[in-house]
Every structure is written in C-alpha cells, then in structure tokens.
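A short write-up of the structure that comes next.
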C-alpha cells in the first residue's frame, strides 16, 4: 500500500465562518495502481490531492504514504516528504520559467538526488520533448509544457504521483496522448497514480475510480 | 540549502538581465552617493583632526588668554620661573609674496616631545631651525607654493597640513610683529609636584583641555550634517529603486517559489536562499557603489574643500585618501539597505501559505494586514514628530522631526488610500464603478511604494525649494542691511585693493584724501560713477575722481564718506553710487 487516507476531514476559514470541504474521506491506493478522483467542482478533489501531497494539513484523520503518517510531520519533514516520496503534476504546469526544458525536467530528480540521465533520456524521448530541450517554457505550447511537467515528475521516480487535472488545459486528442504516456510510464516504473479529473472518459481509462460528492466518497 | 534549487533561483536573474541591472544599479547608486558623502566628511574630519594634532598640539593641555587675546611674554616667564614645564607658541598668518601661510612659531627647546610635530632633534637641524634667518618647515605642496617668494630656507616634512609652516618662535615674532606677545602656551604632561597653581600665577589665562575638538570641526558640524542628510536622502531614494526591483523579482517568482515548495524545498531553505541571494547582490552592488562613491567623492571634494575654506577657513586637502573604514561602512550600509528593502518581500514569502502563493487575492489579503501595520507605524511616527516639535531642541531634533514627519506621512498614505477605495467600492452602485474601485484597490500594494516615493520626493522638493528661497531672501536682506554703503569700489588686483583701503581709512599724513590717492599714483575703477545727491548728476571718476568736491553745487556730503575720508564735515560734496 502506497497511500492510505483514513477519515480525513478538512474545512476552510472564510468570511462566512468555517466551511467544511471534506467530511471523512477514506481510501487506499496500491503500488503501481492508477486511481481517478472525480466529482463536481467544489467537491473536494483538489483538497484530497493537496492533503495527500503534503501541501496542506487535514483537520483530522490519518494519511499514510509509504507507511509514514505525513499529518504528523513539521514543515521541514513535509518538504522532505514532497521531495522524495511524491510528485505533483499541476493543471497550470508550474514549470520554472527561467530554466530551459532540460533543466526543468531534471530539477526534481536532482533535488531528490535520484537523477538518472538514462531514465531522463528515455522519458524525454517517450514524451516527445527531446527536440525541445533548449527551449524555455514560454516558448512551448500548453501540451508541450504539460509533457515537460510530467517528465519532471517522473524523472524523480517518486513512488506516488498526484496529478491535478493534468489535461484540463489540453484539447481532447492531446489529452489522450498525454494520458497514454503517463499511464505507460507510471506502469513501467511501478509508480502509483492518483489523478483528479472532470472527465469520465479519461477516468475510465484508469484502474479505479472514486467520485467525491460534497466532500464525501459517493461510490 | 540545495545548490540545485539555489542555482534555479539565481537563473531568474540570467533570464531577466534588465531586472538584475536595475537591482545592482539601484544599490550601487544608493551606496555611491552615501559613501561618497561619507568619504568627503571623513576626509574633512580627519584633516581637521590631523591639523589640530599637528598645528595646535591639541593632544596636550594649553593655556590661552581668557579674553581671547594674546599672552604677554612676562606671564610665560612667570610660569617658567614657578617651575611649570610649558612652551610658548606664536601663530598667525603671513604673506610671502602672493602666498598666505599660517606661521606656527615654536620654541623647539622647551616644546614637549609629544607635541613636536616636526623633528628638530638633531644638532644640525636645531642650528638650521633657530639660527640665522631661521627655517620654514612645510609640506611639499606648501614648499612648491613658497618657491622664490622668501629668502628664509625651506625644509619639507611629511604629514604637515597644507598652508602651514613651523618656524622658530623668534623669527615668527619678527615676521608677525608680535613684540613678544604669545598666542598660546603648551603645557607638558609631566610637571613637578607641588607647583603653585596656574590660576594663582596667571589668573588671566584659561586652561584648554587636551583632545578638545578643534574649533573648525565644531564650526563645520552642521555643514557635514547637511551633507550627510542629503547623502542619506539620496540613499533612501536609491533604496526605493532597490525595493521596486526586489519587489518585482519576488512578484515574478511567486510561481517559482510555489513550485520549489511543492517539489520539496522547505520554507526555511527557500527563505535562507533568498536571504543569501539578497546579501550576495547587496555586497556585489555595494562594492561597485563604494568604487563609484570614491569617484563621486574625488570629483566633489575640491568643491567642498573650497566651500569649507571659504566659509569656515578650514583647510581640507583636495585629494581623497582610501580609508578602510568607509569601504566597510559603504558595504555595511549597502547590506543593511538592501536587506531592509527586501525584508517586507521576504516576510510575505515566509507568511504566505504554499497553496496561496500564486493567488493574487491572497497577496492582496496579506497586503491588507501589512497596511494595518503600516498605518500603525505611520501614526506612531507622526505622534513622535509632534512630540519632538514640543520637546526637541537643536539641529538634530529638527532633522528628527522632519524624518519622522515625512516617513510617517509616507507610511500612512497607502492605508488612507485603501480606506478611501474601500468606501468608494461600498458606495458604488454601477458594476463598472464597483470594478474600478475593486481593481484599483488590488493594484494598491504594487503602487503604494511609488506613491510613497512620489510624496517624499514632492515634500523634499517643496521643502528644499522653500529652504533655499528663504535662505536667499534672508541673506540678501542681511546684505542689504549690512552692506548698504554709499560707495562700492571694485579692485582689479591686490595693489588696487590696498590703495582703496588706504583711501577709505583716511590720509595718515595730513594729506587730503584725493592727494593721498594721487600720491600713490592710482585712480579708482574707471567704471565707477559718483552721483551728486542734490543735482543728481553722474560723473565718471575716470577723468578726475575728486572733481566732485569742487563742483560747487552746494549739496551735502555723505557723513559716512566724510568719516571714511576723514575730511571735515559740512563741506559740499557728492554721494557716490555705482
């Protein structure tokens, strides 16, 4: 088991008071498994992703990643966890604009001290960005940027990849291509994938699917 | 700290070279102007100190006349006879040709060794110094100026201020026509015990403590404070550039910070990297600034030296020496300034939640808290200013009032604008007007510094303009009151000036003024005109300067001209004007 969420509750402080977002979410994800997290806007999908990635802390509940309870970690511990145990792919790509594609792809791997030039070479070729290595993010299309972001995450070979609507900004055909690549590479590397998406079509292509409704798992 | 992350952080500057240039130029200029002014002040103060130590022997106690006049040689003799180990000094200005030199006449035999600014210890030196025509001991520059102007032998010594010469007290007495009257008496540190008190021997003398700040240093204090204030103003303006540059770089890298943190760079590590980056740029730019400051100071020093000489008679060398203390001070001020101007941005990065870092609204909300703090500080500064107006005294308190008032007003401006915008937003009905207020409010954090800088610049401009204008008016008024002479004479050279002075001080040998003037064979400036007060006729003095006396129009002579010319009053004459 790579990821286990137990009775996770989370609420946010707003002008109207505390607004509950998650009301006791529990699920598990096995190594190498891919899981789609779907639901309507505001159902708490991204919150689950952020909590699982150690980017935020739950109000209550336990999150085990690789057997470690990340809810008990301090800031430095969570940063260490994010560096070594998890990779996050954002909808907005979040590439570093001042680094070229090659440096962006290798950045996380070098941070995690898992840089492998051979694996990186395979990745960039598989992702179709081997001709773009000298370019900067602003010189790339949305689809190309997303592939660079995927390459950056997979180059670090984290045991768990969290993807927040990674194809949300892409057209259907490019989205299919990107997802194909992601699934192929995560499977080949034994990486677990938790993917947030609105698209039922894309969700159906993953091993499992969970739907969130008003902060709770519907099915 | 991860070198990979640090390298990625620094890559921003390679990617945005113009921003890097703005940052470096901002810090460098701020440091240059500040350290340049400090270099000038340090050079001037060191010069005063050096001059005081060398020329006034101020490391020892001194006796001076209580009335500020001279000391009779009898008083000195009484002190010596009473057993006091003292040494006489005669000093005064003397002209060798066109070169004015400050003569310091010393007695090398009685002068305490710790006050010996020049070495006349060997027998041959002593003989040269006290024997025959004497010897002038001067700096190399003064020696060059004295070339071919005096028959007294000149010896060059290092570390002597320009325009000063040590000479035997006997020669000084003769050259300065002092008839044995002393300027001051140096008191040696070691004295025999049980001596009769000086007050009892010479009650007309006062004891001046050792190490007292030289008079010229006290006189020029406000001048240097003004220079410092302007240097600081320039530094603050430079810091605004730095603040804007760092603010822009932080703003543009918000996404990068978020990415760093989501990829496992801890907040501590990120803050440390930003701090190291800030310090690195501060030191780099500060070093450039100090070098620039040296050139600024070198360029300005001759002018400042001339001003100090003209206003206060202070001698400051026109060349700048490299002093490690202001190199270090320049780097320190660059470092402190850069860190201060980056502190707010660093604080905001430190406080910003990882997931909110790229959200505009979150920054606006963070800014709202900042605005409240800013308003509080501004209010405290304004209160302090008011308090200082009531209780403060002196120049420093005045500067403190100005500083607190200006900074308080500047700090309180953005919160006030924010309050106005909130009210405008709440009061607006139309959707576009509502958007206008909301959007303007969102821009406020980015614009507030520019607005504060504009306020400060306008205030400084109005303040300095008013100050200069009122100073000019006061000065002109003072000139009108003090220098409203009937006759203004322009001398073209020293000889003509001397003749004119002799004329207005009156004939000494019973000659009428015109005859005295004619005897010397000169006439006043050709352009001068005399106007008869009664018949209002202008006459050129070029033809005959004293024909006005013989005009016979019966008009009254000016009393002041009468007094100055020492002629009998009540005669017919003329009033001059040019």
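Easy rule for this one: first residue shown is 1, then count along the chain.
Glycine is no exception: its Cβ is also placed from the backbone N, Cα and C atoms.
Confidence across the domain 'ABC3 transporter permease C-terminal' (B:229-353), taken as the mean pLDDT and rounded to a whole number, stands at 82. The domain 'ABC3 transporter permease C-terminal' annotation in TrEMBL covers B:229-353.
TrEMBL lists B:20-40 (among others) with the feature transmembrane segment. Here the transmembrane segment (B:20-40) has Cβ contacts under 8 Å with residues 13-14, 227-228, 230-232, 234-239, 241-242, 244-246, 249, 281-282, 284-286, 288-290, 292-297, 300-301, 304, 320, 323, 326, 329-331, 333-334, 337-338 of the same chain, all six or more residues outside its ends.
Among residues of the same chain six or more beyond the transmembrane segment (B:223-245), those with a C-beta under 8 A of the stretch's C-beta atoms are 19, 22-23, 25-27, 29-31, 33-34, 36-38, 40-41, 44-45, 304, 307-308, 311-312, 333, 337-338, 340-342, 344, 395-396, 399, 449-450, 452-453, 456-457, 460. The transmembrane segment annotation in TrEMBL covers B:223-245 (among others).
Taken from TrEMBL, the feature transmembrane segment covers B:265-284 (among others).
The annotation transmembrane segment is assigned in TrEMBL to B:291-314 (among others).
TrEMBL lists B:326-347 (among others) with the feature transmembrane segment.
Summarising the annotation, TrEMBL assigns transmembrane segment to B:368-390 (among others).
Residues or ranges marked as transmembrane segment by TrEMBL: B:396-423 (among others).
The transmembrane segment annotation in TrEMBL covers B:444-464 (among others). Panel annotation: around the transmembrane segment (B:444-464), residues 233, 236-237, 240, 243-244, 247, 251, 363-364, 367, 370-371, 402, 406, 409-411, 413-414, 417-418, 421 of the same chain, lying at least six beyond its termini, place a Cβ under 8 Å from a Cβ of the stretch.
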